There are 2 protein chains.
Amino acid sequence: MPVVGMAGGGQLARMTQQAAIGLGVSLRVLAGAPDESAAKAVSDARIGNDRSLDDLAAFAKGCDVVTFDHEHVPGPNIRELEAQGVPCRPGSAALAHAQDKLVMRDRLSGLDVPCPAYSHVPPSAPLAFLEAFAREHGRPLVLKATRGGYDGKGVWIVEDLDREAHELVQRLLSEGVDLMVEQHVPFTRELAALVARSPYGQGAAYPIVETVQEGGICTEVISPAHGLSKDLAAEAQSLALRVADELGVVGLLAVELFQTAGGLLVNELAMRPHNSGHWTIEGARTSQFEQHLRAVLDLPLGSTEPTAPYTVMANVLGGDDPDVYSRYIHVMAHDPGVKVHMYGKESRPGRKIGHVTVLGDDLAGLRERARHAADFLRWGPRMKEHR
Amino acid sequence: MPVVGMAGGGQLARMTQQAAIGLGVSLRVLAGAPDESAAKAVSDARIGNDRSLDDLAAFAKGCDVVTFDHEHVPGPNIRELEAQGVPCRPGSAALAHAQDKLVMRDRLSGLDVPCPAYSHVPPSAPLAFLEAFAREHGRPLVLKATRGGYDGKGVWIVEDLDREAHELVQRLLSEGVDLMVEQHVPFTRELAALVARSPYGQGAAYPIVETVQEGGICTEVISPAHGLSKDLAAEAQSLALRVADELGVVGLLAVELFQTAGGLLVNELAMRPHNSGHWTIEGARTSQFEQHLRAVLDLPLGSTEPTAPYTVMANVLGGDDPDVYSRYIHVMAHDPGVKVHMYGKESRPGRKIGHVTVLGDDLAGLRERARHAADFLRWGPRMKEHR
């Protein structure tokens with residue numbers, strides 16, 4: 001049976017291990033430390049720096065294919081692995097579009113995929129440029145680092161081009177951050193389209209979900225997105241499958257979308273298991289983690305059929321008391337049907353340390369159950385103060 | 001988060017690791033070799049002899065609770081661990097009933113739980129005793145080693161008390177095998193009742209399943225047992241919950257049952273995740289592996305609600321060609337909805353190397369799909385020759 005190497009030791013690699021055990025596939029992870037989320041769950045955990053070419057090359061020896069738990073492995077290092085004959089999936093050429101938001105925007109625009117208005121911010125006279133952009137596209141502006149952001153990091157909403165904004169832009173540019181600016185889209189809600197593509201070219205699309213964000217962090221995912229028309233759902237699935245195909249993605253592709261009065265716009269891309277797909281562990285016949293393994297191994301893809309009318313996932317964030325276990329017992333006693341997933345990570349305020357999933361047909365009830373479980377795991381009986 | 005130690009490195013420990021990852025619990029296994037099924041899947045795998053008190057005691061250090069992947073850890077060693085203060089769940093007193101069939105029969109009879117007629121076989125003049133037993137209860141006779149059997153091993157169906165039977169009995173007795181005899185029950189089918197019990201005393205019962213055996217090995221499990229009356233299903237669940245309670249079982253209890261014209265009879269007991277419960281991974285809200293962990297940790301038990309009208313599980317046995325992977329690709333391509341579970345075990349003829357699960361509402365179709373997948377994984381295109 002083949003060996004899949006996954007660079008990165010986070011919860012995505014950890015949950016991929018659950019799928020690998022079922023498939024009988026060996027998962028090897030490259031983690032930064034033995035106490036990282038995935039390193040605690042995988043027998044073949046190598047400790048090293050997944051940004052380092054030497055560590056990556058040593059890690060890749062004996063792997064049938066190398067894939068990624070995040071977007072932060074430098075593109076040149078992936079290209080060098082490829083030059084050494086290591087099958088990297090997704091490959092560096094596709095992954096560039098998930099690593100650099102400007103590369104992604106330019107490519108998608110070339111494919112006539114609808115995106116918000118955007119532009120690179122020139123390092124010389126950036127403020128005059130932003131003033132002109134704001135005159136054309138309105139305010140607020142969305143300022144983004146082209147590379148390295150996640151979970152709202154690397155994104156700044158700029159209401160006014162006042163002194164504070166000037167200082168922010170100057171500080172970022174002086175730190176060498178490459179900036180782009182986007183129109184702030186007046187969306188009705190956020191959706192995500194998750195698809196898989198294999199080297200053979202097979203594609204598979206999951207139901208379109210609604211994602212709820214708070215402070216740039218996804219807190220809740222509802223599958224399928226409630227009340228989404230069949231036409232828009234099919235359009236979102238087709239769009240994601242087409243992007244996967246045009247970009248040559250192998251593995252999963254998550255397309256974050258804005259639903260607006262004028263239609264769908266692409267927000268971000270990710271080429272790995274994605275937070276918007278955690279619901280698939282129980283809510284789809286094939287979990288996104290199994291699907292990613294099947295895709296990168298060029299196995300036939302699994303059914304994406306939902307297993308219940310609705311699935312709701314809520315992220316568990318760390319609260320101010322790191323002892324989660326007593327609250328976890330309460331949640332299990334309160335709701336024997338809730339599925340609790342803990343990532344083996346130390347609890348810190350605001351950190352994603354797990355998620356909960358509930359399934360059924362009463363969407364409002366499911367949302368209440370998921371929210372209760374996630375809030376109680378974070379705050380305990382003091383959850384009401386934080387609602 | 002707590003550490004659960006599981007003695008034994010087989011597929012039950014391997015699948016328990018999938019559940020432990022989700023719960024955020026650390027699973028430590030004691031495996032005989034690094035290439036055993038669970039050792040390949042668990043980061044904290046200790047290599048040792050799970051029959052040895054020294055190895056068990058060293059293994060147990062740092063575990064919050066110790067549990068078992070099989071029944072073969074000697075009772076005296078578990079009692080010694082308990083004397084040293086190690087929480088063993090199930091405890092030695094309960095486990096004795098899953099380790100010794102005569103102890104089990106005597107105890108269940110004392111509880112008025114219906115069992116086939118049985119008796120210990122006296123080592124002196126055993127044949128005269130068996131002749132008398134046959135005159136009273138008919139033939140064939142079921143001869144069993146009181147200890148150490150599994151998957152049909154340790155069980156002999158004796159049609160006639162001829163020379164061959166005499167030689168078998170004499171050989172077994174001379175090897176020191178302790179024997180019992182049971183009436184061969186004319187059953188309509190075999191059922192299994194799976195329940196969990198926590199130290200707190202909480203109980204949870206899964207739907208009653210039908211198990212199909214070939215040559216003493218379970219080949220197929222159908223959940224729920226088709227056409228079983230509500231009354232009989234409730235009776236089987238109550239019986240298993242009562243046995244768990246009376247015997248003080250902590251963790252899972254699987255009760256194998258014969259359905260006969262006269263009612264239900266208990267065949268065997270197991271106190272661990274059981275082959276008849278593999279369907280729960282996809283087919284119940286809480287898998288048996290998660291439930292076992294919750295029970296031994298004294299966590300509130302999870303919902304046993306089924307996730308589909310029917311779930312069918314078929315065991316994958318090794319065929320004569322050990323290269324399973326090419327057949328595995330075919331099975332995935334043929335049926336994107338089948339869930340394939342491989343145990344990371346070397347394929348040998350007749351060995352359980354995995355299982356497949358399908359879910360839906362068309363029972364006949366599900367059985368055909370499960371059988372096709374399991375047969376194809378075993379035999380490939382030559383499966384028709386073996387049907």
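For all residues, glycine too, the Cβ spot is worked out from N, Cα and C.
Quantities reported herein were computed from a predicted structural model and do not represent experimental measurements.
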Among A:Lys40, A:Lys61, A:Lys144, indicate the single residue that TrEMBL lists for the ATP site containing A:Lys101, A:Glu182, A:Gln183, A:His184, A:Val185, A:Glu190, A:Asn267, A:Glu268.
-> A:Lys144
In three-state DSSP terms, A:Glu182 (ATP binding site) is classed as strand
Over the residue list A:Lys101, A:Lys144, A:Glu182, A:Gln183, A:His184, A:Val185, A:Glu190, A:Asn267, A:Glu268, recorded for ATP, what is the maximum interresidue Cα distance in Å?
-> 18
Using DSSP with the three-state reduction, classify A:Lys101 (ATP binding site) as helix, strand or coil.
-> helix
Hey, does DSSP put A:Glu190 (ATP binding site) in a helix, a strand, or just coil?
-> strand
